[in-house]
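Quick look at what Swiss-Prot lists:
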type: SITE; residues: HIS31; note: site 'Important for tRNA non-discrimination'
type: SITE; residues: GLY80; note: site 'Important for tRNA non-discrimination'
type: BINDING; residues: GLU175, ARG221, HIS453, ARG494; note: L-aspartate binding site
type: REGION; residues: 199-202; note: region 'Aspartate'
type: BINDING; residues: ARG221, ASP222, GLU223, GLN230, GLU487, GLY539, TRP540, ASP541, ARG542; note: ATP binding site
type: REGION; residues: 564-606; note: region 'Disordered'
type: COMPBIAS; residues: 578-590; note: compositional bias 'Basic and acidic residues'
type: COMPBIAS; residues: 593-606; note: compositional bias 'Low complexity'
Amino acid sequence: MLRTHLAGELRPGDIDSEVTLTGWVGRRRDHGGVIFIDLRDRSGVAQVVFRESEVAERAHALRSEYCVRVRGRVEARPEGSENPNLPSGAVEVNVSELEVLNESAALPFQIDDPSSAGEVGEETRLKYRYLDLRRASQGDALRLRSKANAAARKVLERHDFTEIETPTLTRSTPEGARDFLVPARLKPGTFYALPQSPQLFKQLLMVAGMERYYQIARCYRDEDFRADRQPEFTQLDVEMSFVDQEDVIALAEEILTEVWSTAGYEVQTPFPRMTYADAMRLYGSDKPDLRFDIQITECTEFFKDTTFRVFQNEYVGAVVMDGGASQPRRQLDAWQEWAKQRGAKGLAYILVGEDGELSGPVAKNITDDERAGIADHVGAKPGDCIFFAAGDTKSSRALLGAARGEIAQKLGLIDDSKWAFTWVVDAPMFEPAADARAEGDVALGNSAWTAVHHAFTSPKPEFLDSFDQDPGSALAYAYDIVCNGNEIGGGSIRIHQRDVQERVFQVMGISQEEAREKFGFLLDAFAFGAPPHGGIAFGWDRIVSLLGGFDSIRDVIAFPKSGGGVDPLTDAPSEITPEQRKESGIDAKPKRAAAAQAGAAKASSK
């Protein structure tokens, strides 16, 4: 090894030891011919001092991010010069030998100056990601990720799981998003697809008798750009045979408890649960943030006989802002703009005066009886503001759910040190395909219905006989885990019987021919004693970003993509040469298409 110690691990117990350190030059200070340098390696920082004239003369040439090796004696810092903010802050190294391992060019941004971190644009950071990762916070993010990986593996190996790698070159099968396609050079005109998840392969592993599988899996989805999404991402993927929902949930909670402990947090299990219907009714979201206690109150029945046209709608709901009646008019107007940015016409409101009198546009348009009872109905007290949404149920609840979060932010109700986990269970098995498309998802099949989770999720046992007769009422045997308003994992008990799987395909408008072509290998496998099985997949990037307190999942990915799936570091995606295009066979016609075209041409010539 080129060094004997790590810089950040030097302590008073090392005083009088001769040490060799390696690392990068951080901050440098010159004091009357004596040079002080913060030497940084993966463990942290140590102060090294150049006092001897010859070595100090050479140290004058050192600049930020030079890679160096130093040898010297560990000494106690002079009294009063200790740095309590550094683990090594009680000592320094008096350098006797200096070796420059490599020089550094002028930096595109400062690395050791935390005050400048927010001034560096993300494109620049990602273009020079290898420098960005030298920052303590960014390097620590990847080390935290490694610890989380190890913690999950520890739990799974304790339960006799087998880590298995599944293919990353497979066939294109519809799973809810667009596939990334890879041309197959040896079979011109055909393509592999990068997997959106290991879903089908892990189910086949259950058929194969592996019983307990896991994988830290890379997944790929060619989606339109959305905030804080990545075209390639990581899942902790887990599957088990001969289990029910309770077994999977218990294991998932054990994994999360162990992972959270790596960051020094203790979480209490079992986690609370709520149904999907309750989550939407009370919080306007299937991933509610439960760190604050604001709930939506349904007012549809209350206003069933109203003369106010705005409230003569399918749904009316409300949320209360504590003390919100004191907001100035400009703030109330800002709420209207906020709602319009979310596709709503506005956000109706009533102000409850300190004397209990109601004011605002809505108060003037509702009946005396409605004015007399609305505050009690929604739980508002003098000084509060009641915000309303009216319209179709789904979008109105979504608006109120967003308002709920905005109110909590404005009132400072969100405790960033708190972890609020909940399971959301009993989600619908199917949703209208039009709704899925409106949200930017790919609706599989050619039906009015598409799967909410995926096509391989089993219905709850009580809907097994009826889900294809009444798809809108069927509930999925599925469970999502939510933390602080973020969905961090989701799973289900899977279909393991061929006839049930074929019935699901029929509901989704996937013909027998298409099912056979795209999923025949899975249907065939179900014919050979497939066991009952289920599992869960955790969004690993999201979990690590939450653990580390990062604003974006990009901070916990070594080399992430920026907006639109572009990699500023390598400038990917890039064009290919004409030779590469020809060799890949990307423009070749598949044999079936070519044969069909030839047949059509022959027929037309007769």
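Start at 1 and count along the chain as shown; that gives each residue its number.
Keep in mind that glycine also has a Cβ here, set from the backbone N, Cα and C atoms.
ARG542 (ATP binding site) and HIS453 (L-aspartate binding site) have their C-alpha atoms 19 Å apart, to the nearest angstrom.
Here the candidates are the recorded positions HIS31, GLY80, GLU487, TRP540. The one whose C-alpha lies nearest to that of ARG221 (L-aspartate binding site) is TRP540. Separation of the C-alpha atoms of TRP540 (ATP binding site) and GLY80 (site 'Important for tRNA non-discrimination'): 45 Å, rounded to the nearest whole number.
Summarised as a single figure, the pLDDT of the region 'Aspartate' (199-202) averages 97. Secondary structure from DSSP puts ARG542 (ATP binding site) in a helix. Annotation note: GLU487 (ATP binding site) sits in a strand segment as assigned by DSSP. Counted within 10 Å of its Cβ, the other Cβ atoms near ARG494 (L-aspartate binding site) come to 22, all protein chains included.
Counted within 10 Å of its Cβ, the other Cβ atoms near HIS453 (L-aspartate binding site) come to 20, all protein chains included. Here the Cα atom of HIS31 (site 'Important for tRNA non-discrimination') is found 69 Å from that of ARG494 (L-aspartate binding site). Nearest by CA distance to GLU487 (ATP binding site), out of the recorded positions GLY80, HIS453, ARG494, is HIS453. For GLY80 (site 'Important for tRNA non-discrimination'), the nearest of the binding-site residues GLU223, HIS453, ARG494 in terms of C-alpha separation is GLU223. When the Cα atoms are compared, GLU223 (ATP binding site) and HIS453 (L-aspartate binding site) turn out to be 17 Å apart. Here the recorded positions are HIS31, ARG221, ARG542, and the one whose Cβ sees the fewest other Cβ atoms within 10 Å is HIS31. Around TRP540 (ATP binding site), a 10 Å sphere centred on its CB holds 27 further CB atoms from the protein chains shown.
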